[in-house]
Structure formats: structure tokens, C-alpha cells
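Heads up: the structure comes next, in C-alpha cells.
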Amino acid sequence: MDEDGERRVRTKRSCSPESSDNGSGDEVDWISDLPEALIVLVLLNLPTKDVIKTSVLSTKWRNIWRYVPRLDLDNRHFTEFDSLASFIDRFMRSNRKVNKFKLRCGSDLDGDVDLATCSWKWIYMAIKRKVQHIDVTWPGVRIYPEIYNCESLVSLKLSEVTLTKPEFVSLPSLKVLVLDWVEFYNEFAFDMLMSGCPVLESFTLCRRYLDNVRVLRVISQSLLSFNYYGSSSKSFRDDLVVILDAPKLEKLKLSHQLTASFIIENLSSLVEADIDIEFNFCRGKKFDPDDLPKREMIRNFLVGLSRVKTMTIAACTLEVIYDYSRCEPLPLFPNLSFFSVEFYQKRWEILPFFFKSCSNLKSLVLESDYFPRKRTSIISEPRCLLSSLEYVKIEFALDKGKMELVRYLLENSPILKKLTLSLDHSSRKKSCVILRELITIPRCSTSCRVIVL
């Protein structure tokens, strides 16, 4: 065993201060003296390869690894797949209970064992042993319908696999679902999966291209957190639709520029949203003011987010909102207290309009990689008194154009307590100039502190 591995499983100390003083060298292995059940509990936190290493510590440790109800293996730790398969077979036969089944397999497996048969057999055996957590990464392997019916399963994580057609889905205990680059049988199969998880609380979906689902319906009465990601592959179809109906949802993350439509039915409990989408306005596609169905979809999307308290928006999303705002007024966000936004080009023009919709905004974070060189845009827009704003953090290089934004915030925020400027290396060289200009800017708030980092 390597030194680091031994340090994790063995702790020694002197029997007593007297023996230490006498230099007797007598030591006690305190971990080995623990009850076997407690040792097994400790070993549950280690990968299986490290658990097996403990068998060389002493006679007592020789077979303890066999009673650890957790399998966590990576095929890279085996010279060939046949050896991996043989080990898993022995492990599953010797354990009546398996709490967690975690397996990482590459796509270049050598051996005579049939992969599909192995995946079916091992998952079936884990289910029979009342498994609570399944975590499988196995490019291209087919996961058979047994996975859809497991009363004990609490969390399910599948990566790069293909799900077969379900006849029936019943996952009454499943609370966490993570699907990463998974291919579904069809849309109806995905709908069945969602409807068969009555207590699901967290769902993360990282979509692959051509996953056989055009309209993705995430409908759940129990869901608290939903994270949605998509690939930027050119093979992605351009008519993808996401329908979200989750009245208990509190946290939402959307990140995929190529999904054309997001339809929000009910997000009445939403607290936090992180939005990085542009409704497929990319690869040459532009916002069309005359496309009334698209405008209605965007309007309903923004209204669906209107109860949120904390929101982060990417530059591409702000671009769409800016184009939309020139056609229709933005909805109100009466609960929004924290707003973080990344923007570029001239899209900071939207800020005064957006501020009008946020009557209770208290904290604002602004990030940008690019600003227009001209001192324009915001000064010509209608002035909006930021009556609730207390904290502002600006994270980008400062120049004359960006100082106009700082001026706008200082002059229109009557209860602002702190404005923090986080400068990059180039801006720090001009810090004296920046500080002199800051001093000359009138402040609407008499108690505002300006901090330059």
C-alpha cells in the first residue's frame, strides 16, 4: 500500500504518556480496535480500489472489504475488461446488500465478455440488493428497463448511455437524477421517466445532440432544482422546445443557445435563476420584431421568471432581452433583490429600462469583457432613480466609457451603501486617474463608500 493510502486507514499513537517517556515504542492501532461495523462505515467513503488495499494491514482487515456495501470502480484500474467483470461478479455474489453502485467504463474495452449482458446483469443484481445510489458512465452501452423500477433508488446518475424503451416507470424514492449525454428511446419514454419520479427534487440534464427528444417536458410537482445544459454541436436540431412546469421549483439553471423555445407553465416558487440562453438566435439568426409567436414566447418566458429573487443573466440573453425591449415593455420583477449580468457592445443601454422593472433591487453585479469606446448610450437614456439599490460590484477594466456607467449609478442611487470597483491589471496602472475622476462625481447617497480593488 502507498504511504498516502495507509495514512488514510491507519492511525497510531503511544499507549500512554509513560510509555512515550520511556521510549518503549509500543503503539496501538486505534482504527483496528474500532467495532467492525464502524470500520465499514468509514470505508464507505473510499473508492473500492483503496478499500481493497486495507486487506494487507492485518488479519482482521483481510476480509473487511467484502462487507462494504459500496462498489466504486474504474475500468482503468484493470488490465482488461474480463478481470473487471470477474471482480464485479464476485463482489455482487458476496454482498447481500449494495448501497451504492458506481462504475466508470471507457469506450475502448478489450475482452470476451458481452458488454450489454454485463450492464444488465450488474444493475439487475444491484437492484435486487436494494441499491440506493447508481452512478454509471459507459459510452454507448444500453441500459435495460430494470433501471426504471427500483423502489430503493434515491439517486441515479447516468452518463453517455442509451436508455431502452420503458414498459412502466416506478421510482418512488428517487430524489436526484443526473443524465449526461444520454440517448432516450423517444419523447414519450422521457415523459414516462419524469412521471414515474413522484418525489424527485433535483434534476440535471446535459443534452447530447440527436437524443431523440424534440419537445422536452419537465413536469414535476416535487422538483426543487433543475439544471439544463446543451451541446454546441452543429448537429443539434434547431427546433428544440423545453416545457417546464414545476410549481415547487426554487433553483433554475438554463444554458443552451440552440434551444429555440422555453415555455414556462408554473414557477410560482422560484428563488434563484441563472440564465444563459438566446432562443437559437445564433449562427446568423437575428431577432425579428415581426415574428409575433416568438415575441410572445419570450414575453411569457420573462413573465414566468418574474417572481425570482436572485438572477444571473449572460451576455447573449441580455442581447435578446434588449432587442425584445425595443418592441414591448419588460415585465415587472418585484421580488428581484440580487441581479448579476454580463454584457458587451452597447447593450448596457438596457440597464435603465431593466431597473424600472426592479423596484426592490438591492445588489447589482456587472461584468463585461468589452465596452464601446464612445462615451454614449446610457446618458441619453431616461434617468431612473434606483431607490432600493444598496450594493454594486463592477468587475471589468475601466475606461471613459465605463466610467459613465459608474457616474450613472452614483448619481441615481439615493441609498447606495457601497460601490466596489474590481480593476484588472491595466486599470490599476491608471488608478490615480480613476480615483481623481471618482472624487468629482456627485453622489445621490451621502453614505456611499466607493472601494477600488
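Counting starts with 1 at the first residue shown.
Just so it is clear, glycine is given a Cβ too, placed from its N, Cα and C backbone atoms.
Keep in mind the model is a prediction, meaning the values are calculated, not measured.
Annotation comment: Swiss-Prot describes 14-23 as compositional bias 'Polar residues'. Among the features that Swiss-Prot reports, domain 'F-box' is placed at 28-81. Per Swiss-Prot, domain 'FBD' is recorded for 373-423. Swiss-Prot lists 155-179 with the feature repeat 'LRR 1'. Among the features that Swiss-Prot reports, repeat 'LRR 2' is placed at 210-235. The repeat 'LRR 3' annotation in Swiss-Prot covers 246-269. Taken from Swiss-Prot, the feature repeat 'LRR 4' applies to 305-329. Here Swiss-Prot flags 358-381 as repeat 'LRR 5'.
The average pLDDT computed for the repeat 'LRR 2' (210-235) is 91.
In the repeat 'LRR 2' (210-235), the DSSP tally of helix, strand and coil residues is 0 helix, 11 strand, 15 coil. Within its own chain, the repeat 'LRR 2' (210-235) is flanked in space by residues 181-187, 190-191, 194-195, 197-204, 241-259, 265, which lie at least six positions past its ends and keep a Cβ under 8 Å from the stretch. Under DSSP, the residues of the repeat 'LRR 1' (155-179) split into helix, strand and coil as follows: 0 helix, 12 strand, 13 coil. Secondary structure of the repeat 'LRR 4' (305-329) per DSSP, as helix, strand and coil residue counts: 11 helix, 4 strand, 10 coil.
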